[in-house]
Structure formats: C-alpha cells, structure tokens
Amino acid sequence: MEKYIMALDQGTTSSRCILFNQRGEVCSVAQKEFTQVYPRTGWVEHRPMDIWSSQISVAAEAMAAIGAKAEDIDSIGITNQRETTIVWDKNTGEPVYNAIVWQCHRTADMIEQLKKDGFDSVIRKKTGLIPDAYFSATKIKWILDNVDGVRERAEAGSLLFGTVDTWIIWNLTKGRVHVTDYTNASRTMLFDIHNLCWDDEILTYFKIPKSMLPKVQASSSIFGHTEEGLLGGEILISGAAGDQQAALFGQCCFEPGEVKNTYGTGCFLLMNTGDTAIESQNGLLTTIAAGDAGHIEYALEGSVFVAGAAIQWLRDEQRMIKKASQSEEYAKEVEDTNGVYVVPAFTGLGAPYWNPYARGTIVGITRGFSKEHMIRATLESLAYQTVNVLHAMEQDSNISLKSLRVDGGASANNFLMQFQADVLNTLVYRPQCIETTALGAAYLAGLATGYFKDRNEIKDNWTLGGTFSPQMDEQKRKELLKGWKRAVRCALAWAEDIE
C-alpha cells in the first residue's frame, strides 16, 4: 500500500481528517461536528474535550475507510482555527475552563483599556497585529482573572496555555510535547514576530506567566510522535499551521506578491511578502506565513467580515433563494444590478475601513429594482470588498497583483469569480482541489519528512480547475468602483452622530 499524509483540520464548527497521497489527491475524508457553547450574548466557547475527541475519532475513521494502518501514514500535519485559547493542568490534562473561541468578544473592554494606556503601538510594532479581542492574549488574561484559583496555579507553574494545534499535539503525544508553530504563535498578540520569541514586555502588561507558554518552532518540522495506542502505532507529527496560513501554502503562494482569497463566511486574504515583515499603513495585519527549510516568511492579511454570510442572508432571512448555488442562476438573469449596490456591513466593516459601527445598506433603488438585481448586487459586494483589501495590499507592498488564487465555498460560483476578475482587472485561478487548508498542512508535514522532495514537487501537484480572465472595459470598471465607494460612504455615514 502507498503511504499517505494525514491532515488533521480542526475548524470552528467541526473536526476533519483527510488522507492525501503523494500527488496531493484526497484518498479519504472524515468529519464530525461538535457543540458550540454560548454562555452569554457575544460569548463563544468550545469544550476542549469535544475538540480532542472529535479530532481523534475522525482520524481513526479516515484510516479505517481505506484500511490504512499506522505504518501506512508517513506523517501528520495539523491545521486549526486560530486564536482560540485553552488553558489546562499539565499534570492531569484537565482544562480549567472551556476554550474561548476566536469569535468571542468578551474581552473588548480590555482592548479599550490597552488603547487608553497607549500600549496599542507596542502591540502593533512587535506582534504586527492591530489590538483586538479576537487574539489570544486577552482571552488568557480573562481565564487567569475570572476562574477561581487559576492565577495562583499558573504562577506556581502547574498550568499550560495553548492554541488548538498545541492542545491537539499535547493530547496526541499524551502530554509529552507542549509546542506550537510560528504561525499560531503570531496570532496570540504575545509573540515578537521580528525576534521570534515570546515578548516579556507584553507578558508583563497582561500579567501572563511565561511558564504557561509552549515552545515555538517552524511549521514544517518534527513536533513528536503520537502515543502508540491512539491510532494503532506511533506516527510522526511534522507539520502545523493556522488555517489561513496553511491555505496560503496549499495554494502554492510561495513568491512575494502571490495572494490567495478564501471565500468562506467571511473572506480571508493573505499576501506572501517573503522575508520582509511589512507594517501596513492601510489597516492590514502583519503575520508569519507557514515556512519550511528553516526560514521565516511573512504575510499581509486582510479580512472581510461578511462574504458567504451575505449569501446565507439571501437564503435564510430574505428567502430569495432556497440554496446558495441558486444565487448564480438568478444573478445571470439580469445584465447588471440596475444601479444598485449592497454593502453587507452587518457587523461593521473590516479592512481597510475598520469601522465596527458601519451598517448594511442598499443604495440606488428605483422602481425597476427586482429580486434578481438584489441577488446580483449582493454577490458583487463580495468582489468589491476583495478589491478594497487587495488594493491596500498593493499599496503596502509596492507589488502589483499579477493573479489571485481562490478557494472556499463561494469560489465555486462562476459568476462571482468572473466578476471578481473583471473588477480586479486580474486573472483569477481556481484550483481543482479546493481542500487547500488541509492540503497545506499535508505539504508542510511531508516536506519535513522527505515525503515531498521540495516546493517544486508541490507546485507540480497544483492543478488548475478554472481560469477567469478580465472581460470588462476600463471605463465601466472605473464607474462601478466609483459607485461602490459612494455606497460604502453611505454605510459609514450611518455610524456618524448627525443631528
């Protein structure tokens, strides 16, 4: 039997396992959802044992589906929801509290205080991040400050912190290994991305004991072995990366200026910037990209809060479509939006505007406005928001975009991808294998063991599924983008206190 790479893909709503062969083809998939916990409005938690039990069960299931044994698995690569925070007892393995999920904003007041203290510039300079409750630092502090006896136990050295990758590796190795990779460390708001170390000044500010923190190493390197009894024998763990960085690697965006966009609930855009950590002047995050061969690479990251969620809104709240795929059919029934723009700022606007108080708007409505126009305008809004982030990336990097690689659920929408190419005036490439996040984790693991020879071999595996070339004339493109800017101004104006 040929050997496989096992990718453990631990997401926000489910745990998945995919077995890949040397050609980067999917050989087996297993998936299991787990319970979301909402203790209060705006709070989001996961039970750490649910994360672990679902992940190990799908690993066994994926192996069993094709009759694979431990000796048939070359190595394991892990990719995970980023920033989600777990604290546990290093002697018993028992979590002291539920995992606080990246979406949870219970610590927003800590961020406001941080800004009042003038500490936001320190965070920005050292971590590359714009201070936000999204990241791990304030979540750790909340657990230390609000769970009885936890701060004392942490200061005594008996507690450990980890992002989800760390928690999975710790359990796979039965507590022998407490480690993370550079990409996940770079999302904690505690890690100096320039000197590649946990930052003492930031730890002191948040009153977080350094003894809690994991060792940090390259995304493609040897992390340890699984405990023999878990999957029928020892398996090497040799890759780990946060989900968006794993997708950048899975899309083979290895050169500075190469960009991928994942069209999920929101959009996550990452641009490889090589060995240069660019400090954004346009509201983007500077982060560490997944690397191999012992060298560090950086990326610029921009987020669009609402993308696929806008299509869900058409389906669930507006009841204009019965399934997401119908949005393409309706959009193609009209030649344009009849001058209408939808700005889906349901939870504010992300990069490059960063206004949490902006609200969704529909502008330019006339009597001739139809359901089809509404659906088309909503789809087009995903492309316009992507243009805004990519233009910010071009300005920060001084690199002109040559093409965009796409993945995620909404990338299957051919109308959207063509419109994206048109308003961006750039080629859009969609790969045949859209499992780019798990594939990135598999590639990182396989490079560390020699299963994959080098990046060139991986590039050869990348197979084009579809190309979308710009077909819009320059004048029309400029007019549409000008209209979008006016529509965004309306969404931003809603946040202003106007008498």
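Even glycines carry a Cβ here, placed using N, Cα and C.
So that you can see what the record holds, here are the features copied from Swiss-Prot:
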BINDING   Thr12, Thr13, Ser14, Thr265, Gly308, Gln312, Gly409  ATP binding site
BINDING   Thr12, Arg82, Glu83, Tyr134, Asp243  sn-glycerol 3-phosphate binding site
BINDING   Thr12, Arg16, Thr265, Gly308, Gly409, Asn413  ADP binding site
BINDING   Arg82, Glu83, Tyr134, Asp243, Gln244  glycerol binding site
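Annotated features taken from Swiss-Prot, shown on the structure.
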| residue | record | contacts (Cβ under 8 Å, 6+ apart) |
| --- | --- | --- |
| Thr12 | ATP binding site | Gln81, Thr84, Val101, Trp102, Gln103 |
| Ser14 | ATP binding site | Gln31, Lys32, Glu33, Phe34, Ser54 |
| Glu83 | sn-glycerol 3-phosphate binding site | Trp102, Tyr134, Phe135, Ser136, Lys139, Thr163, Arg187, Thr188 |
| Asp243 | sn-glycerol 3-phosphate binding site | Asp9, Gly11, Thr79, Asn80, Gln81, Arg82, Thr437 |
| Gln244 | glycerol binding site | Arg82, Thr262, Phe268, Leu270, Glu301, Thr437 |
| Gly308 | ATP binding site | Tyr263, Gly264, Thr265, Gly266, Ala324, Gly408, Gly409, Ala410 |
| Gln312 | ATP binding site | Thr265, Ala324 |
| Asn413 | ADP binding site | Ser325, Ser327, Glu328, Leu379 |
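Set side by side, the binding-site residues Thr13, Thr265 differ in how many other CB atoms lie within 10 angstroms of their CB, and the most is found at Thr265. By the criterion of other Cβ atoms within 10 Å of the residue's own Cβ, the least surrounded of the binding-site residues Arg16, Arg82 is Arg16. Packing around Tyr134 (sn-glycerol 3-phosphate binding site) is summarised by its Cβ count: 22 other Cβ atoms lie within 10 angstroms of its Cβ, all protein chains included. Arg16 (ADP binding site) carries a strand DSSP state (E or B). Around the Cβ of Gly409 (ATP binding site), 16 further Cβ atoms fall within 10 Å across all displayed protein chains.
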